[in-house]
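Engineer: Got a structure for you, written out below as structure tokens; questions coming shortly.
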């Protein structure tokens with residue numbers, strides 16, 4: 001099975017309140033940077049053949065050095081991201097399309113992951129890739145723990161309460177067969193359409209495509225705010241403890 005992964009890692013961490021536009025991927029958790037954890041997970045995933053990373057221009061060389069020094073041989077390209085996350089992914093897909101044309105080999109699946117989700121596990125990546133290749137699309141998600149309500153007629157009041165049993169919190173990596181993901185992004189670029197995730201684009205342009213759910217644990221958080229760092233430390237410690245028990 002051949003899988004190609006895209007990692008979107010251009011976030012500057014405004015909500016992290018980092019100085020000088022520092023990338024949140026360079027925050028350390030458990031003695032390693034966030035992006036190190038993410039790179040390692042994809043390096044260790046048996047299904048993944050090549051990884052394309054989009055990041056800030058001043059993070060390209062540090063990321064390349066990190067990959068070299070740690071033997072992350074699956075990191076194929078590290079390029080400058082675009083203005084929006086979707087633009088960054090499109091930049092990576094342009095390179096993937098070129099590779100497909102030159103090699104004549106079509107991947108079984110393309111995965112798109114947030115660089116700031118460092119606790120994804122290699123075996124989870126492999127399973128999402130497998131389901132994506134078999135069914136066309138797969139997205140990891142968790143059941144919400146809290147009750148969710150609509151905002152009412154003004155931001156100061158609530159509207160109706162949503163049925164929590166029918167809700168899922170969506171995460172990454174999101175996986176798709178290459179043809180549909182590439183075409184969805186191509187059409188979105190032509191139409192000037194932006195979405196918050198890749199699944200939304202596939203839903204829009206291929207409504208007949210069912211997107212399969214991979215139910216994820218609560219460890220696969222996105223490092224977004226300062227409070228996420230100590231939570232991440234605890235998650236990492238828990239993951240290490242479980243692995244040592246096995």
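Using N, Cα and C of the backbone, Cβ positions are placed for all residues, glycine too.
Pasting the relevant annotations from Swiss-Prot:
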SITE      15  site 'Transition state stabilizer'
SITE      24  site 'Transition state stabilizer'
SITE      164  site 'Positions MEP for the nucleophilic attack'
SITE      222  site 'Positions MEP for the nucleophilic attack'
Engineer: What is the separation, in Å, between the Cα atoms of residue 164 (site 'Positions MEP for the nucleophilic attack') and residue 222 (site 'Positions MEP for the nucleophilic attack')?
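Structural biologist: Cα of residue 164 (site 'Positions MEP for the nucleophilic attack') to Cα of residue 222 (site 'Positions MEP for the nucleophilic attack') measures 21 Å after rounding.
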Engineer: For residue 24 (site 'Transition state stabilizer') and residue 222 (site 'Positions MEP for the nucleophilic attack'), what Cα-Cα distance in Å is obtained after rounding to a whole number?
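Structural biologist: Per the Cα atoms, residue 24 (site 'Transition state stabilizer') and residue 222 (site 'Positions MEP for the nucleophilic attack') stand 10 Å apart.
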Engineer: Restricting to the same chain and to sequence separations of six or more, state which residues have a Cβ under 8 Å from that of residue 222 (site 'Positions MEP for the nucleophilic attack').
Structural biologist: 114, 116, 117, 171, 228
Engineer: Report the member of 24, 164 (the recorded sites) whose C-beta atom has the most other C-beta atoms within 10 angstroms.
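Structural biologist: Compared across 24, 164, the most Cβ atoms within 10 Å surround 24.
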Engineer: Going by DSSP, is residue 222 (site 'Positions MEP for the nucleophilic attack') sitting in a helix, a strand, or coil?
Structural biologist: coil
